[in-house]
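*Asks:* Take a look at this one; I'll ask things after.
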Amino acid sequence: MHVVELTEPGIFEHRERPRPAPGPNEVLVEIRHVGICGSDVHYYELGRIGDYVVTDPLVLGHESAGVVAEVGRDVDHLDSGDRVALEPGVPCGECAQCRSGTYNLCPDVEFMATPPDDGAFAEYVAWDADFAYRLPDGVSTRSGALCEPLSVALHATRRAAIDLGETVLVTGAGPIGAMVVKTARAAGAGDILVSDVVPSKLDRAREMGATETINVSERSLEAAIDDITGGDGVDVVVEASGATPAIAATTTVVRRGGTVVCIGLSGDDEIPIATNELVDKELDFRGSFRFRNTYPDAISLLERGVIDVEDIIDFEMPMADLTAAFERAQEPDVVKGMVAVGSE
Ligand SMILES: NC(=O)C1=CN([C@@H]2O[C@H](COP(=O)(O)OP(=O)(O)OC[C@H]3O[C@@H](n4cnc5c(N)ncnc54)[C@H](O)[C@@H]3O)[C@@H](O)[C@H]2O)C=CC1
Ligand SMILES: CC(=O)[C@H](N)C(=O)O
């Protein structure tokens, strides 16, 4: 089968590998669509993310969906021909986190496209059938692939426990921030404010449901939120930029008794947080890491038309042009690039 390996920063090589055989609890999936995530781009550019270093050729891509080509001996809930979205992290199932249900925190998770685990820029992937979710008619593999970033947003929205009518600030209008706008709206948020430094991304966020946008390269986030909320602050902040100034401002722009949920990962190891504000304002300050138990709900939201993910996609290119796709994905206006591995 055909795969694309990242062999060194900036270099993709198209290679042939033996087609994998599914294990007893696995399905062999003919991959159709794979979204390009910021972390893929990071590995492509730099060959590492923090302590995760690409030392051997690595297949990138973890936002994937395709068609079941073969089922393992013990799989009885999927059949050949089913279209499926693949949850990219398969946890060990035995550690304390897995046993208590917080399987997204499993230290031994096998996560696609994270060294040393290969991802989905490949004709076929053999994957644990419990982490392959059937897509109903009407949900394409193109949308199904985006269950992954949608899941990141769904999990963060749950961590934020947004109440009906609450004012939510989303910092960062990349793919994750855009998805949070959609999940916050679906959760019943009232005003949804979005900040970014790229005007076109703020325009896109408005089209997706943001009620007001703030270009923080023109005005400070703190001053803007002060103006908009009459000095009260927002009910909930979901940080989805990873930008140090945005993270540092979260405790200031949230109201007393409000909630901050951080998704963004900063390049800085340490960021000053006003801890006295945490106490004095009695804030709930929470992290949100990947997702758990989100795929069935993400698929249901897509099926019922509550959330549309197609509008975050800027372009689709074939896997044969993966280098060009990754170069294009780095353009500042691009929110999401999609790669077609086969045809649906
Ligand atoms: N916690 C988790 O499980 C996950 C975390 N992430 C992290 O979440 C963050 C967002 O992911 P993506 O949307 O893919 O990243 P992205 O880099 O595509 O988007 C970030 C956005 O923030 C904007 N930005 C830059 N400076 C800003 C500022 N000062 N204020 C507001 N916006 C600003 C950028 O213009 C960009 O539109 C990244 O840090 C990523 O590493 C991504 C996926 C999962
Ligand atoms: C941080 C990422 O972008 C990636 N989705 C991951 O969960 O590792």
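Glycine is treated like the rest: Cβ placed from N, Cα and C.
Those TrEMBL annotations? Automatic predictions, nothing curated.
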*Asks:* Among the residue ranges 1-22, 199-220, I'd like the one that TrEMBL describes as region 'Disordered'.
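*Replies:* TrEMBL lists region 'Disordered' for residues 1-22.
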*Asks:* Would you report the average pLDDT that the model assigns to the domain 'Enoyl reductase (ER)' (10-341)?
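*Replies:* The predicted confidence over the domain 'Enoyl reductase (ER)' (10-341), as a mean pLDDT, is 97.
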